[in-house]
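Below is one structure, written out as structure tokens; the observations come after it.
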Amino acid sequence: MQFPMGPACIFLRKGIAEKQRERPLGQDELDELREAFLEFDKDQDGFISYKDLGNLMRTMGYMPTEMELTELGQQIRMNLGGRVDFEDFVELMTPKLLAETAGMIGVQEMRDAFKEFDANGDGEITLAELQQAMQRLLGEKLTPREIAEVVQEADINGDGTVDFEEFVKMMSR
């Protein structure tokens with residue numbers, strides 16, 4: 001099916017989720033969507049910015065192209081005021097969630113992987129934690145320089161650690 005504005009528009013057509021569904025989302029799927037949404041709703045106001053949408057979609061296992069994100073961003077700014085609430089997010093994600101259920105990495109799996117690296121559970125992976133995890137999980141002893149390079153590449157905000165959002169971005173590359 002072709003849409004005049006490109007493939008990402010499947011998310012934005014009015015009522016498309018209803019037409020595309022072969023089945024309704026199960027409670028587990030809705031719970032996973034809500035959990036992922038809340039993870040990115042940093043100020044807990046019930047909205048995420050269109051800028052966070054790409055990261056959130058990656059958390060859900062869908063790897064949008066830059067073109068899709070650009071199209072979604074343009075549409076969200078025009079149609080949804082630049083912010084997405086949970087209901088809009090469910091409508092955006094339902095077709096993809098149903099189409100790509102097989103083989104997806106869900107938020108729980110991503111969080112479990114993060115916890116393997118975040119030894120002290122403070123929500124941040126430090127250089128020392130990464131070095132220990134690499135040795136424990138992969139049997140690889142990386143040099144301090146190699147560990148620093150990995151963290152530097154993933155550390156978007158420059159605080160010297162890798163938080164969950166940065167971990168998701170790193171894992172989706």
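Using the three backbone atoms N, Cα and C, a Cβ is placed for every residue, glycine included.
According to DSSP, Asp45 (Ca(2+) 1 binding site) sits in a coil region rather than a helix or strand. Summarising the environment of Asp45 (Ca(2+) 1 binding site), the number of other Cβ atoms within 10 Å of its Cβ, over all protein chains shown, is 9. The feature Ca(2+) 1 binding site is assigned by Swiss-Prot to Asp41, Asp43, Asp45, Asp52, with sequence analysis given as support.
On its own chain, Asp122 (Ca(2+) 2 binding site) has no residue at least 6 apart in sequence with a Cβ closer than 8 Å to its own Cβ. For Asp118, Asn120, Asp122, Glu124, Glu129, the entry in Swiss-Prot reads Ca(2+) 2 binding site, with the evidence type sequence analysis.
Swiss-Prot lists Asp155, Asn157, Asp159, Thr161, Glu166 with the feature Ca(2+) 3 binding site. Within 10 Å of the C-beta of Asn157 (Ca(2+) 3 binding site) there are 10 other C-beta atoms, taking all protein chains into account.
Per Swiss-Prot, the feature domain 'EF-hand 1' maps to 28-63; the stated evidence is sequence analysis.
The average per-residue pLDDT of the prediction over the domain 'EF-hand 2' (82-99) is 77, rounded to a whole number. The domain 'EF-hand 2' feature in Swiss-Prot is assigned to 82-99; the stated evidence is sequence analysis.
Residues or ranges marked as domain 'EF-hand 3' in Swiss-Prot: 105-140.
Swiss-Prot lists 142-173 with the feature domain 'EF-hand 4', giving sequence analysis as the kind of evidence. Taking H, G and I as helix, E and B as strand and the rest as coil, DSSP gives the domain 'EF-hand 4' (142-173) the counts 19 helix, 2 strand, 11 coil.
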Look up Asp122 (Ca(2+) 2 binding site) in the DSSP assignment and reduce it to helix, strand or coil.
coil
Would you mind reading off the Cα separation of Asp52 (Ca(2+) 1 binding site) from Asn120 (Ca(2+) 2 binding site), to the nearest angstrom?
27
Would you list, in sequence order, the residues of this chain other than Asp118, Asn120, Asp122, Glu124, Glu129 that have their CB within 8 A of the centroid of the site's CB atoms, where the site is the one recorded for Ca(2+) 2?
Phe117, Ala119, Gly121, Gly123, Ile125, Thr126, Thr161
